[in-house]
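A.B. asks: Here's a structure for you.
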Amino acid sequence: MAELHEPNLALHVEDLTVSYQSKPVLWDIDFDVPPGVMAAIVGPNGAGKSTLIKSVLGLVPAVAGHVTLFGRPYKDQRRRVGYVPQRSSVDWDFPTTALDVVTMGLYGRLGWLRRPGRRERREAMQALEKVGMQDFAQRQISQLSGGQQQRVFLARALVQDADVYFLDEPMAGVDATTERAIVDILRRLRDEGKTVIVVHHDLQTVRTYFDWLLLLNVRVIAQGEVGDVYTAANLRKAYGGQIALLEESALLPPQERDMPVTERLP
Amino acid sequence: MTILDWLQDYTIQNVVIGAALLGLISGVLGSFAVLRKQSLLGDTLSHAALPGVCIGFLIAGTRNIGSILFGALVSGALAALLMLALTRNSRLKTDAGLGITLSTFFALGVVLLTYIQGTNNAAQGGLDSFLFGQAAATLRSDLWIMGGITVAALGLVSLLWKEFKLVSFDPSYAASLGLPVVWLEVLLTVMIALAVVVGLQMVGVVLMAAMIIAPAVAARQWSHRLEGMVLLAAAIGVGGGVFGALLSALSRGLATGPLIILSVSSVVIVSLLFAPRRGFVWEIVRLRRSRRRLRYQQVLTTLYQLAAAHADSRYRSGQGMIDTYHGTSTQRALRKLHRRGYVVRHAAPPEEPNTAGQWVLTPAGIHEAERILDSLGREAL
């Protein structure tokens, strides 16, 4: 058996460069995530956050570099990876039900020619229950609210029963209740030893939700435990002039902000 | 000619069977094209088939249906590939790519067509019928080719059903699961090209796009599941095809292809108008109904607030006062409230200028008004 490359890392990205029409979108990315953490990828618009996830999953071709998950390339580890694309990436007027969308998460395991049966429907139903959407199983997906659609997408990834989850902006455009529900589910996954990697857009909540952080702006600005990485200097490096737009309070440690105790990490 | 003779007529049989096959394959494949926002792809593929038709003819030297259809398939596929290459490697958007490919190939086809007509080759007779189709020229042997293509396409769709569904709904997720998305998309495109080939003889390159798009669009209005949509699109395609073919056989002399397209299109119009939840008429009725409900709820809460302002739950609000407050006649809304027992009417006292009467809330009316105001308050929070 060939020697594994960095087998102790849930995700190991080395020298990754992605370009679009010869303009670099990601430049020389080295990025490691240990297993069992909830990691955020944060950076300004156009920093390449989504591209990084898509490139790891092989959806966007890289011009250089390599990616391994638990020591093996992605194509050998598909069964261990769950993916939640941006909600806006699909047309929700597609004629199908919530339960059917969740069942799609099992198509990889089913393989060619086999159709989803009773067992698959039961698993999909259980995933819907985990996100609190069991009552909407037969609902046409265009009739779901944005937050409900996001939960359906999350359930589709949960049904994959993966070890590493990639989520692209799961909290974008959802109401506060849904955001809380999504964070609870992700924390539960982490507590079960899974690795959760999230493209996140809201600096205010980074420290309350996550324990690992990658600050990205085409290059890697900083990465590591949130407490070490989330500093005024690093944020200024990542966001440049835009940092002026951030509230001062975002830079204070959580204890000094007037935030309800329940919102902090356990 | 009796109905029986008529149904035994060889030409009519051929045309009806051909139209049914065409409706079947284009309804099924058109559903995927429409859902993947590639309605125009069918248009491009069919127009791009024309140079292939001509080249197939030039190579065979005669009107050989096999080589003509093969030529159509090849040039359609070439156009699709060119379109993909254009949009992938330049800043051209898909619609512009489709438009350019469509007109370039069609222009080339027309040039070749006039060239062939100029050579005075006796065998070229009827080649221009591929522009608008010539259903009556359909032979039994053509039907075997069309039938074979249709069966093959339907077989592939049912074998790869879940893969095609996922690729149409969420291609990047499909890719993350390891599905060969590009190959599945190429396969769908090639099958649409095959459907176009099936339709060339019947409806021609110009109208073929409607055959791909129309049944799918109509079926989407009625069905909220992919399974239902595809089956219904196939049924609409077959029904429209057969109806159009019979109509043209009855009328003697009216072109079959356009009649088929018109039959299918009329199903689209009916579907756009009347389909539950998605149709225009349904939408208008829904709007009307909710507007009327809103009006009558507003009038009820106005009465409630007037009574509250006067600290008198038996306060008599004059009709004129309510009309003025709403800036329009509220008679209909008040009559409706009266029917439901939320208000009672009192005759206007002689000193009042408006003789229409005065309205007083009943206990049930007060209860209902409070319920409405409560629910409004909750929504505002």
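Backbone N, Cα and C atoms are what each Cβ position is placed from, and that goes for glycine too.
Got these off TrEMBL a minute ago, pasting:
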- B:12-35: transmembrane segment (TRANSMEM)
- B:40-59: transmembrane segment (TRANSMEM)
- B:65-86: transmembrane segment (TRANSMEM)
- B:98-116: transmembrane segment (TRANSMEM)
- B:143-161: transmembrane segment (TRANSMEM)
- B:173-194: transmembrane segment (TRANSMEM)
- B:200-218: transmembrane segment (TRANSMEM)
- B:230-250: transmembrane segment (TRANSMEM)
- B:256-275: transmembrane segment (TRANSMEM)
A.B. asks: Where among B:12-35, B:65-86, B:200-218 do we find the most Cβ pairs under 8 Å to the transmembrane segment (B:143-161)?
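C.D. replies: Looking at each of B:12-35, B:65-86, B:200-218 in turn, the most contacts to the transmembrane segment (B:143-161) are made by B:12-35.
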A.B. asks: Counting Cβ pairs closer than 8 Å, which of B:65-86, B:98-116, B:173-194, B:230-250, B:256-275 has the most of them with the transmembrane segment (B:40-59)?
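C.D. replies: Stretch with maximum Cβ contacts: B:65-86.
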A.B. asks: Need a quick answer: max count of Cβ pairs under 8 Å to the transmembrane segment (B:65-86), which of B:12-35, B:173-194, B:200-218, B:230-250, B:256-275 is it?
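C.D. replies: Most contacts with the transmembrane segment (B:65-86): B:173-194.
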A.B. asks: Please work out whether the transmembrane segment (B:256-275) lies in contact with the transmembrane segment (B:200-218), by counting C-beta pairs under 8 angstroms that are 6 or more apart in sequence and asking whether there are at least 3.
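C.D. replies: Answer yes, regions in contact.
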A.B. asks: Could you check whether the transmembrane segment (B:173-194) and the transmembrane segment (B:230-250) come into contact, where contact means at least 3 Cβ pairs under 8 Å with the two residues of each pair 6 or more apart in sequence?
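C.D. replies: No; fewer than 3 Cβ pairs under 8 Å.
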